[in-house]
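*Asks:* Quick one: the structure is below, and I'll ask about it shortly.
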Amino acid sequence: MDSNVVVRSSSPPSHEGIRKVLTAIKLFLVLVVFGGCVLLYVVMPTNTYKQIWQPRIRAKANSSTYFGSQGANLLVFTFPIMLIAVMGCVYLHLGKKLNDYKMETEGKTNRFAMWKQPMLVKGPLGIVSGIELTFFIMFIALLIWSISTYLTNGFNKITPQSAAKSHEKVWEAKLESASLRLGLVGNICLALLFFPVARGSSILPLFGLTSEASIKYHIWLGNIVMVLFTAHGICYIIYWAVTDQIFQMIKWEKTDISNVAGELSLLSGLAMWVTTIPRIRRKMFELFFYTHYLYIPFMVFFIFHVGVSYAGIMLPGFFLFVVDRYLRFLQSGRRARLVSARVLPGESLELNFAKSPGLKYNPTSVMFINVPSISKLQWHPFTVTSNSNLELEKISVVIKGEGSWTRKLYQVLSSPSTSDRIEAAVEGPYGPAATHFLRHDTLVLVSGGSGITPFISIIRELIFMSKAYQCKLPKVTLICAFKHSSDLTMLDLILPMSTTTPYDISNLQIKIEAYVTREKFKDNSMNLRATWFKPLATDEPVSAILGANHWLWLGLIIASSFLMFLILIGIITRYYIYPIDHNSNKIFSFPLRALFNMLAICISIAATASAAVLWNKRSNAKELKQVQHIEASLPRVSEVYNAERELENLPQQSLVQATNVHYGQRPDLKRILFECKGSSVGVLASGPKKMRHEVATICSSGLAENMHFESISFSW
């Protein structure tokens with residue numbers, strides 16, 4: 001066997017057929033459909049599109065008595081993206097069936113290795129790979145192309161004679177034209193704004209992305225959107241002021257652009273934008289969190305402002321976000337069964353929830369948790385540290401007390417008078433569709449503080465694979481830095497808490513280098529406390545909201561809800577709007593038409609998603625009944641374990657032997673990384689920004705071509 005290849009087992013012929021189907025689906029969706037959408041946005045500002053393509057499309061699509069003037073945009077902008085979303089669900093379902101750990105040869109992985117390396121480390125964009133930087137430059141080029149083409153074509157139509165007819169000067173006419181074009185270009189960014197924040201997206205995985213890793217794209221897009229929309233609004237206000245039309249600011253036209261709605265939308269956006277300033281977000285996270293709910297009036301008034309026909313350009317991203325948001329709402333309505341907690345020194349916690357055995361997730365997944373006794377509205381994301389293959393009936397997260405919410409939770413659980421039950425709700429877990437860290441023959445995991453949590457999930461995955469499969473696993477070096485020696489107890493969480501057979505880690509080549517930066521001696525008064533709770537019968541194990549065939553059900557919801565939306569709009573347009581527009585002297589109210597469309601979207605999504613969830617709840621009832629009440633076989637009182645006594649079982653002894661603790665110093669990351677041997681060294685960094693930037697700088701220096709860097713950062 002080639003030393004650069006890791007193989008799980010030979011694939012059956014059916015799997016080869018599935019791979020061919022997956023390749024065909026991905027090529028069709030990415031190259032044909034998505035490529036066509038990109039081409040459309042490139043051509044859209046040109047006279048060719050406006051004078052030739054658009055009239056022909058509108059002549060056929062807008063002539064329908066069922067969709068009216070919005071038919072063209074539904075066909076051109078909405079349908080292709082919905083097709084990608086539905087087919088993406090099929091792609092992910094088939095990919096999940098493979099459940100394959102087969103690795104590619106290093107020759108193949110090196111094709112894009114250089115492009116995945118960090119190209120920018122320090123700066124407003126954060127850590128940016130070559131691929132990300134390339135697409136970012138291409139996107140900025142698209143925006144520059146669009147605004148320059150719009151302005152050129154618009155200014156060419158403005159002459160002294162045309163301006164005089166409107167009782168304007170030439171520069172005033174050009175200012176009005178530029179103001180409009182700024183808004184048009186802003187809509188391009190708005191069309192993409194909601195894709196990264198759909199946590200259960202079926203589109204992001206097609207491009208190898210996850211929602212938590214794509215938050216930075218949402219931040220980039222949000223900043224560009226607000227710059228363009230703010231410039232759009234300010235330019236119009238200046239234009240109205242110099243042309244004595246300031247009264248336009250309070251106009252709400254029933255059959256034209258509504259300026260008041262645009263202003264309300266902009267004010268909502270500005271309020272959100274101000275709270276995203278890093279200093280405000282860090283120090284007043286609650287303000288940032290609650291202010292972001294203003295996305296609802298932002299979008300509602302935006303649709304009122306531009307009209308429902310033009311809103312079809314940004315409809316796909318928002319539609320898919322609403323589907324995802326409603327499914328999250330349904331899942332969050334359930335009370336999760338919190339079984340136990342391990343309270344660690346250093347204000348750290350491990351929460352253990354009961355889960356359905358059918359719930360599967362990959363390492364580095366994230367779960368959102370709400371504890372109503374602390375805050376009924378706040379949801380916080382935490383890395384899932386458990387492994388769905390090792391721990392069939394339990395899902396765990398580790399929480400570090402670094403904010404007001406987490407500190408309150410720690411105080412509640414560390415109190416001697418802890419309640420027998422802590423009410424909690426969860427959303428997720430959400431994570432990558434596949435694991436890529438197994439492609440390397442050496443893994444270097446660099447963490448700072450609570451950044452160790454995603455690496456716990458990776459190590460547990462390797463423990464499972466070493467036990468279940470005959471395959472070559474990568475060598476693992478875990479470099480973890482903590483401020484205080486009390487935080488060393490987080491290393492005890494690497495192995496799951498087992499009440500039966502201890503886990504065998506003898507086949508796993510692992511070395512742990514732990515650094516305590518602010519203390520020079522060990523604190524021997526470190527105790528762990530395990531607390532078991534008594535959940536109510538109504539508390540449910542954490543389970544997939546749409547069952548084992550989640551992706552198929554999601555595709556069905558997207559397709560059926562969009563079809564239901566088209567049917568509802570078709571009926572309303574044909575039998576209510578069309579008769580008024582064409583059989584009377586009146587023009588149907590634009591805001592009312594927009595309201596009908598928004599109601600149709602909400603009704604369609606709520607009806608189809610609720611039906612799918614109820615169906616799965618009934619079909620999964622048997623499985624949920626089979627889930628044992630784990631607390632029945634566990635102690636019902638709090639027990640205190642000395643940290644060193646907990647290390648006495650054999651697996652923990654193996655970990656202790658593999659661990660070197662360094663007091664009063666920081667890791668020499670450059671030396672450690674350059675000493676790593678192997679044709680492919682995967683370097684994963686998780687923790688403080690400064691540390692991740694340091695690791696990224698070392699990996700991108702070009703001094704070691706075998707390093708492949710990945711930053712794990714959760715910027716929710």
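Residue 1 is the first one shown; counting continues down the chain.
Every residue, even glycine, has its Cβ placed from backbone N, Cα and C.
Nobody curates TrEMBL annotations by hand; they come from automatic prediction.
Just lifted these from TrEMBL, have a look:
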DOMAIN    331-436  domain 'FAD-binding FR-type'
TRANSMEM  21-44  transmembrane segment
TRANSMEM  74-94  transmembrane segment
TRANSMEM  125-147  transmembrane segment
TRANSMEM  178-198  transmembrane segment
TRANSMEM  219-242  transmembrane segment
TRANSMEM  310-327  transmembrane segment
TRANSMEM  551-575  transmembrane segment
TRANSMEM  595-615  transmembrane segment
*Asks:* When secondary structure is assigned with DSSP, how many helix, strand and coil residues does the domain 'FAD-binding FR-type' (331-436) contain?
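*Replies:* Grouping H, G, I as helix and E, B as strand yields 13 helix, 39 strand, 54 coil.
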*Asks:* Taking contact to mean 3 or more CB pairs closer than 8 A (sequence separation of 6 or more), are the transmembrane segment (551-575) and the transmembrane segment (21-44) in contact?
*Replies:* no
*Asks:* Please identify the stretch among 125-147, 178-198, 219-242 with the greatest number of Cβ pairs below 8 Å relative to the transmembrane segment (310-327).
*Replies:* 178-198
